[in-house]
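Trainee: Following this message is one structure expressed as structure tokens.
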């Protein structure tokens, strides 16, 4: 029999409200509507299907404050993560959000009405307190960054009524709700279920870890990966799910089931481990594996861990009686080549030879095409990963040239395009500053905001082309560091980004200006001209610095080609 839900009752709002579906659907069409973001949709889905039981809606101020300060809802029930609906003042005014108001919550992807929210309160959270108490306060933490840079200033609390399930078009057969997963366990006759949380591909060590956990507790295994929002830079869930499906036959027949969890992770370490345990309990699991640095985001820019390696295990141990799910702490598994087996690191005698491949090393091997040994992963898993990670010679990249008007960046970009076309193997796209201004950003001016929008558009287009394996050459002025960095972050989701500072002096750019643009700017005929009456922020960390005053275009292009070659991007075989 599946474990009882957190709080004793599964708050399956979809099942509860299905008799009123026609009535609620009609009302939803008449109410003011709020389009939810991707993260809000993840939260809503687990609120509607009972994954966040005992919650029946987004947290009110009383619940929110209790969770932030004490891991407690107003009822006294244990809950460790704030589940909130953030809005801005304009939305409050537009939708007349106040206690008693009813609004429709809508999917931004297809305008589908999903739920009706009855507002209980609208409040301004103490974000600094939330950042400190829930996530540890480090400003580099992904969740803290989200709080300050993305989340709106106000939260809306209230109860939900379900109108429709969210529509999914991928791996639908694996997207079990808590009720469906519980029924599946009952059908299989499983009395004990060990749940395994992951946001990464699984390899031999993970298979060994989960089988050991099942063996020691006479249980079966629920592989329960997150397919909502995870850490930026993680391998996409499409690839990961194909990996899990490839791995499943490696378990003894009937031992393991794969189910997908549409969770938006916060990377909250100890707090998140408690939350994950509650979610798995609601899905019927009796046991939950908590490993080293569970749900931690790794290290900050100074190389300091956001959390201690076993903080998450200590946190769930503290609340184990209340959680009502047995936590299975596990050390990292490592390979012993002399005996051809895996073992937990804390059980390996001193002097025994071990081997391991880190996530960073694995990604490097995938990018370079180097061998991934069979002791580390199964051939069928590696095959899936390689399908999503082509060799370097087939990966896209972006060359982003920045510098003053008439610095030579356009000539360099054109010459580089010709050189790469001669090389072959990839399509090559060229985005010169004036071309982009004419074709993509004709309505934009030259205020800082408009300049940043222009670079954001270039970054978006470059990222999509990079993802599809193209070579992209962009040569805008791009005077501001933050906009350039944002473009880098967009592109680096899918491939390499190389920032080339064309550091030709302003004096030389002006002296050799045959079009007379600088002269017009000096005369006041052109306003907001970079280098004259608008600033240029030199790149802090360019990949390459060149100067068209002292170097020929040919030699600069050769330097860029050598840079690309050194990264394996121009290998033909």
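Just so you know, glycine gets a Cβ as well, placed from its N, Cα and C.
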Trainee: Among 81, 333, find me the residue Swiss-Prot lists at the same ATP site as 197, 198, 199, 200, 291, 292, 293, 294.
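Mentor: Only hit among 81, 333 in Swiss-Prot's ATP site, alongside 197, 198, 199, 200, 291, 292, 293, 294: 333.
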Trainee: Among the binding-site residues listed here (291, 451, 477), which has the Cα closest to the Cα of residue 199 (sulfate binding site)?
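Mentor: Checking each of 291, 451, 477 against residue 199 (sulfate binding site), the shortest Cα distance is to 291.
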Trainee: Out of the recorded positions 293, 330, 333, give me the one sitting nearest to residue 436 (3'-phosphoadenylyl sulfate binding site) by CA distance.
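Mentor: Of the recorded positions 293, 330, 333, 293 has its Cα closest to that of residue 436 (3'-phosphoadenylyl sulfate binding site).
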Trainee: Which of the binding-site residues 197, 333, 478, 515 has its Cα nearest to the Cα of residue 203 (site 'Transition state stabilizer')?
Mentor: 333
Trainee: Just counting, how many other CB atoms are there within 10 A of the CB of residue 435 (3'-phosphoadenylyl sulfate binding site)?
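Mentor: Result for residue 435 (3'-phosphoadenylyl sulfate binding site): 13 neighbouring Cβ atoms inside 10 Å.
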Trainee: Count the Cβ atoms, other than its own, that fall within 10 Å of the Cβ of residue 200 (active site), considering every protein chain shown.
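Mentor: If we count other Cβ atoms within 10 Å of residue 200 (active site), we arrive at 16.
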Trainee: Here the recorded positions are 206, 437; which one has the lowest number of other Cβ atoms no more than 10 Å from its Cβ?
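Mentor: Checked 206, 437; of these recorded positions, fewest Cβ neighbours within 10 Å: 437.
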